[in-house]
Amino acid sequence: MPEDKVEAIEHVESSRHDATVNEKAIADFLNAEKEMTTWQAVRAHRRLLLFAAYRVTHLAILPFVCASNYGYDTVSNGSSIAMPAFIMSFGAMNHATGSMYLPSIWTSLWTSMTNLGQALGSLIAGFLAERIGRRWTAVSLAILSIVGTFILVFSSTRGMLLVGKTMNGAVVGGLMAIGTTYAADVAPIKLRGALLQAIVFFGVAMQGVSLGIVRAFILDMRPLAWKIVFGIQWAFATLVLIAAFLVPESPVFYVAHGKHDKAQSALRRLHGSSDQYLHIRYGAIVHALDEERKQQSESVSWAELFKGCNLKRTITIGFIMFSTSAIGVPFLTQNIYFLITVGLNVTSVFDIGIGGFFLGCLFVMLGWLSNEGIGRRRLWLWGLIGNFLCMVTIGALGFSTTKASQLAIAVIMNVLISYGVYATVGVAWTICPEISSHRLRQYSQSVAFIVGAVGGWLFNFITPYMYNVDSGNLGAKTGFVYAGLTVVVAVISWFLVPETAGLSVEDIDRAYEMGTAPRHFKSAKATVSAESGH
């Protein structure tokens, strides 16, 4: 049985009629691919997954470099404000205590404008990617990153720093929209989840590296310390440029623009397989886009996201991305500053945080082995349950002021970050590209990151007002607020979030068009397959 499935993928026969593929051949191909286990898919697509091979760079390097850029920027942007050298350069003097501090208005602006920059970058990336392609959009963003990083490194005023942070925020928002779209475009069904999870892995790994670099310079009082932290982003911009010139353009983009010869050439570079296999996969893309066009107008526009069954898809994607902030991710990402305010030693806080990020990498690798079996929807709901329990525990520990309680809060917050990478944030980054239709995927992903960035801006802005002593003064009891919001998200998710694991684009399209309840997507697909004889 396993050998038969692999053979079906590697040597499936095509029915050629003037370079066309009939629907039965496509259906047989997709069903053979969906029925494979993850290990069988790895064997069948081993060229894509051998990292030392030239062809795998085509599939993986662009999304992974985009994720690495995102991971490094998000943490360096937030944790650098805790560096004494940074505070000495951009802080103000508290004459009553004789100490330096960062004015609240500027810390809020740096955080919020970075998030809004991400939203703007996602919007622009969606517009450009549908006109000039995924690759050239990535090149444009990399050039913008070089300029933005230059402004950061040579900033002499808070306003100049704000401009640089906003520009780089736009870069990372756009790159993540491009990276996830590209991965979803080119990945085989059974490897789609693993590759999207790998994007999460690279992002989390770079967050840990970023925190480690900040930790290495935390006691360095020279301005050069924070300049180095920001300047490293030049390396990531260069990697994006290299990756963009190594990879082929998305074959989905080429087919959507009628460039069929280029689409087949891109598929050959990506998969390097037999003519029969490439002909079937090319036919599957053409068929999927044709079916979507039958339901919609020929031209692709932002307005289509809010029409018919696409509206429910857009609402679902936006809800999932917004929820990652609503359940407390901003509270967790501010844990370094928060834990310092409750009395923990600054180096201890950084060390625990670094350990937490690399624990997150282990959780992501666990996801590679288990996500297809567990399913996206079930894992998302489990993640919300775990988030609720941890937030309640953090809130309860807020009633104690002992050192042991403070350490327990630090450990739980970092474990929850790692668990969230696996079960909530990781699932969000995986499922949102899958919910999108082929034609609207880039637009959908841009909307996803716009909504996610707005949610991040909102909760990053209000969270300090919850726990700071000069406002809400909740301290760790802020966990109760996010526990309550998690319950709300879980209830809505039960009715709105679908299961997409193992489903093709056609399966998901059909489920939305038929008005199938999201929680029944998997069973509805099985029923349709049984009735059609596949």
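Cβ atoms are placed via backbone N, Cα and C, with glycine included.
Among the features that Swiss-Prot reports, transmembrane segment is placed at 48-68 (among others).
If you look up Swiss-Prot, you'll see 109-129 (among others) marked as transmembrane segment.
For 136-156 (among others), the entry in Swiss-Prot reads transmembrane segment.
Sequence annotations record features per position, and here Swiss-Prot assigns transmembrane segment to 169-189 (among others).
Positions annotated as transmembrane segment by Swiss-Prot, on the basis of sequence analysis: 194-214 (among others).
Sequence annotations record features per position, and here Swiss-Prot assigns transmembrane segment to 228-248 (among others). Only residues 6 or more beyond the boundaries of the transmembrane segment (228-248), in the same chain, are considered here, and those with a CB under 8 A from a CB of the stretch are 57-59, 61-62, 65-66, 68-69, 72-73, 76, 80, 83, 135-136, 138-139, 141-143, 145-146, 148-149, 152-153, 164, 168, 171, 175, 182, 210, 213-214, 217, 265-266, 269-270.
The transmembrane segment annotation in Swiss-Prot covers 326-346 (among others). Outside the transmembrane segment (326-346), and at least 6 residues removed from its termini, the chain residues within Cβ reach (under 8 Å) are 74, 78-79, 81-82, 218, 353, 384, 387, 391, 403, 406-407, 409-410, 413-414, 416-417, 420, 424-425, 455-456, 459-460, 463-464, 466-469, 475-476, 478-479, 482, 485-486, 488-489.
Note on the transmembrane segment (349-369): residues 38, 79, 194, 197-198, 200-201, 204-205, 207-208, 211-212, 214-215, 218, 335-336, 339-340, 379, 410-411, 413-415, 417-419, 421-423, 426 of its chain, located 6 or more positions outside it, place their CB under 8 angstroms from a CB of the stretch. Taken from Swiss-Prot, the feature transmembrane segment applies to 349-369 (among others), supported by sequence analysis.
Swiss-Prot lists 379-399 (among others) with the feature transmembrane segment, giving sequence analysis as the kind of evidence.
Look at Swiss-Prot and you will find 407-427 (among others) tagged as transmembrane segment, backed by sequence analysis. When Cβ-Cβ distances below 8 Å are used as the criterion, the transmembrane segment (407-427) is approached by residues 197, 200, 204, 323-324, 327, 329, 332-333, 335, 339, 342, 344, 348-349, 352-353, 355-357, 359-360, 362-364, 366-367, 376, 379-380, 382-384, 386-387, 390-391, 393-394, 397-398, 476 of the same chain, each at least six residues removed from its ends.
What Swiss-Prot records for 447-467 (among others) is transmembrane segment, and it gives sequence analysis as the kind of evidence.
Summarising the annotation, Swiss-Prot assigns transmembrane segment to 478-498 (among others) and lists sequence analysis as the type of evidence.
For the transmembrane segment (478-498), same-chain residues at least 6 beyond its ends with a Cβ under 8 Å from one of its own Cβ atoms are 315-316, 319-320, 323, 326-328, 331, 376-377, 380-381, 384-385, 387-388, 390-396, 398, 431, 435, 463, 466-467, 472, 508, 511, 517-519, 521. By the count of Cβ pairs under 8 Å, the stretch nearest in packing to the transmembrane segment (136-156) among 109-129, 169-189, 194-214, 379-399, 447-467 is 169-189. Highest Cβ pair count under 8 Å relative to the transmembrane segment (169-189), across stretches 109-129, 379-399, 447-467: 109-129.
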